[in-house]
Amino acid sequence: MTKLHLFLLAIAFLSSLQNPAVLATKKAYIVYLGGHSHGANPTSADFESATQSHYQLLGSTFGSEELARSAIFYSYTKHINGFAAMLEEEEATLISEHPDVISVFENTMKTLHTTRSWDVMGGFLNRQGKAHPESIWAKANYGDDVIIANFDTGVWPESDSFDDKGYGPVPKRWRGICQNSTKHSFHCNRKLIGARFYDLSHQANSASPPVEYSPRDSEGHGTHTLSTAAGGIVRGANIYGEANGTARGGSPHARVAAYKVCWGLCADANILAAFDDAIHDGVDVISLSVGGLPYEYIFDSIALGSFHAVQRGITVVCSAGNDGPTPGTVSNIAPWIFTVGASTIDREFYSLVTLGSNKKIKGVSLSSKSLPAHKPYPLIDGSNAKRPNSSAEEAGWCYPGTLDPEKVRGKIVVCTRDTSFARVEKGVDVLKAGGAGMILANSDEEGNSLLADPHFLPASMITYKDALRLSSYLKSTKSPTATISPVTTVLGVKPAPAMASFSSRGPNLINPEILKPDITAPGVDILAAFTEEVGPTMLDLDKRRVRFNVMSGTSMSCPHISGVAGLLKKLHPRWSPAVIRSAVMTTARTRDNTRTPMKDDNREKAIPFDYGAGHVRPNRAMDPGLVYDITFTDYVHFLCSRGYNASNMAQFIGKRFACPSKTMRAEDLNYPSITVPNLQKSFTVSRTVRNVGTPGTYNVRIKAPFGIHVSVKPQTLEFAKVGEEKTFQVRLRSRSESVGVGYVFGGLTWTDGKHYVRSPLVVNAFS
């Protein structure tokens, strides 16, 4: 080395001392080498050998195995072959050129795995997993001191989701109780501030089995829904011992109260008693993942109870039901109820099925069991594995006792999914018959709807389309085989959200003039707290116990909206239940993450009878611009239009009342959606909007339903101040091509360039 070189090196060294920024910095990198060759059952010697090989590989780059040992802080030795080490950028580049290395990448910081339902609904979190300062969480202080009640199967008070660490005194307005059982230890705290149970209807039924009466949740449903609505933030939520994430409720700082109205079934008497107590106790939101067939309002305990709750300014949020996708199945359809459908999120628990033909089928599962990798297993359809005294149809459904162990033993069994027998129990019968695994194949009725279940054996549920592919493969060979991969969590699934097949659909059978459901929210594979009284499948034979569970249903979507309602109540304490609903509905989206219209489970375009106004966007609901309010008197007038007389109404509201001389039309109830179920050539509806944003000018945009001419007067609304109200009329005229077609759909939007106040238009034209 020349003196010049030495001089330049010395200058560079001195310069680096004076300017630390130019010093080489080390970062954490992952060096991925693929898989190990030591098989499925490695020994400690295999692990040690793998680690040593990592030291040698990195040492060949560093020129020193000792330096490699100090740099490596993780050595992946069991199934993944690779290591993590602190490297300079140049070192990482150099080692990436090694022939044994597949890839080298920086150890970037990712957000924790969560249910994703809250993050998917609108950018609540920043990249560090903390609340974005402009999010509804931050602005509403996580729903601090709002009180959310849950009518369900009770609560598991020991759950981490209801830990009261950091909570101040219980709000003075709370008047509820913590009803303790003499047979169970049950305690409330500053988070779980109240609990009641309602058992008189069961005690009156002598046929009911003995029940240990307590607010404690012995089924898990109530704990799951309450923690979804307002459970605290719990990091490290564990799913069946396999996956960790973060569980959080919609209003994670809200106070909660459990009202146990369900003991397997939910009696109307219990529900009304709970409404009566909750209204008195001082709750702000009532979440009710319960329902049944729609009845006239005076025969519906939920409609009645919620009517009185809304009268006191309490927002009542209910599930739409799980009887979809059949039209007209939506329940909880009273116009004062906030009714919620269920849709998917962009996360799935994949379990890959690889056929002997090398075709791969993506299924879903939450099974903690797995088959040895790359080992094909004989594959048999359940209908071909029947016992002599069983029918092929019953064996195809894998009904109990229908599978012949001699035909099933050591094989993967294909079972057809149906609605009369639980999905997990099918796998139990396959396991009892000696099967190695199960493929749960959707029938035509279930279509593409997939639900991840905690199976007792390696299993994967596949769509109907893939079930047809599987059936073709089974017929193509005398020796079919398959493998089922371990479960993998996949994020960023597209398209999402999409409507769940089970979510009940409109139209509203009691009042077709009122669009139901109102909104859709995440309801598929939702992670939340669970009881430790039963196993995750809630089957008697399930002896597993979990603190968190993944469940699906409109029962899961309902508390998402309850949590949002709590946040809005905190942010805007004077907003009425109708305004809260309007803010959520008019800011909803109807496009998925591919920027195309939302789909149903069969990948066909979804409609307002599926999702109402669309998929909830909580951050947008904070500032909707304009709102459609409905006063309690408006609801009373609405009931007058249904034929309820003054005497009825006086009994409803507890004071004298006279229905107006001019009967209100149901279509004119100031609902955020506009539905005309019987358009005879021309019909005009009226709506009133209130400005809750800044002063401004709003112009109307119209997307007319097929074959319908839509005109709005006036076309411009000018607001000089907050709180100002304006009324407009919408005239609908049918053209010949729309008559007899059935329901057609469009939309109406008021915008000032910043706010977009959207309303669905739903029309059925007759001659």
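Cβ atoms here come from the backbone N, Cα and C positions, even for glycine.
Note: TrEMBL annotation is automatic and uncurated.
Its Cβ placed at the centre, ASP152 (active site, charge relay system) has 29 other Cβ atoms within 10 Å. The annotation active site, charge relay system is assigned in TrEMBL to ASP152 (among others).
Neighbour count (other Cβ atoms within 10 Å of the Cβ, all protein chains): 23 for HIS221 (active site, charge relay system). The feature active site, charge relay system is assigned by TrEMBL to HIS221 (among others).
Its Cβ taken as reference, SER555 (active site, charge relay system) is surrounded by 26 other Cβ atoms within 10 Å in the chains shown. TrEMBL lists SER555 (among others) with the feature active site, charge relay system.
The domain 'Inhibitor I9' feature in TrEMBL is assigned to 29-113.
Marked as domain 'Peptidase S8/S53' by TrEMBL: 143-614.
The domain 'PA' annotation in TrEMBL covers 398-470.
In the predicted model, residues of the domain 'Subtilisin-like protease fibronectin type-III' (668-763) average a pLDDT of 97. The domain 'Subtilisin-like protease fibronectin type-III' annotation in TrEMBL covers 668-763.
Positions annotated as signal peptide by TrEMBL: 1-24.
Distance noted between the C-alpha atoms of ASP152 (active site, charge relay system) and HIS221 (active site, charge relay system) is 7 Å. With DSSP classes pooled into helix, strand and coil, the tally for the domain 'PA' (398-470) is 21 helix, 15 strand, 37 coil.
For SER555 (active site, charge relay system) paired with HIS221 (active site, charge relay system), the C-alpha to C-alpha distance reads 8 Å.
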